[in-house]
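Per TrEMBL, the features are:
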TRANSMEM  20-36  transmembrane segment
TRANSMEM  42-66  transmembrane segment
DOMAIN    57-306  domain 'G-protein coupled receptors family 1 profile'
TRANSMEM  78-103  transmembrane segment
TRANSMEM  115-136  transmembrane segment
TRANSMEM  156-174  transmembrane segment
TRANSMEM  213-239  transmembrane segment
TRANSMEM  260-277  transmembrane segment
TRANSMEM  289-308  transmembrane segment
């Protein structure tokens, strides 16, 4: 009897394992904007226009900084990094979204989903750190103007940029790898338009409470820490600006920070809302709406913010435009 019970138990275990292996997901199906039906081609045109504008706008910023010696300063070194990062950031999501707007079913293999999440999360955390480095640069420029060239030399700027990229890669490679060690089962249907963290974790067929605690802790540590550094920097900047004797000096100092402060508000506003709320608070509609803000809208606004609100960048643009052969001929 004991032997028969063991044989039965082994048979049931093998049967369960076989059933589990059959139901494991090999690909994900994205709901995306399928409910909008005939409006999807319209969305395709809109998102394609935004994507083209974003890439071209950031390329123009990088080109202007590269060819203009007057813009070879720490602030614009970080802006070059940010523009390059924003191009990669939106490219990690929007091209796949454009394809899914035109085809049915909207599928992606698990390996491609993992690759997208690796790239997207690395770039997102790197941007958090890079925005903190830019805030530190503004803090030194306004609070310690006489020591600015010493404190923010080329070597220091390079170290801050490398540290931002290194933190982003190390942390998010570890976190994303952990996520994709989970077994995913069921229909594999994702109520989203790309492989974001929480919609993918919801598909796991095991208890993910420990993963969620770790992911929440990582978000608090590596999203809130740069945010706190930015807040501390701007608190000191505000105090320094208020102590300036002339109104013109206060206006000039504030204008050098306003563009960066606006970008920080847009980026962190959506990031904190998305990644620091509990799992129960996530709904497909709110997730998609906030994701559109930080994957499509914010990267598109950055070139506008850093050109229309920046006299030095606009000046560099018009200087180069005047040297164009057509303008000289005219």
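Heads up, the Cβ atoms here are built off N, Cα and C, so glycines get one too.
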Recorded stretches the transmembrane segment (115-136) and the transmembrane segment (42-66) touching, at least 3 CB pairs under 8 Å: no
Range from 42-66, 156-174, 289-308 with most C-beta pairs under 8 A to the transmembrane segment (78-103): 42-66
Same-chain residues near the transmembrane segment (156-174), Cβ under 8 Å, at least 6 residues beyond its ends: 74, 77-78, 81, 118, 121-130, 132-133, 136-137, 218, 222
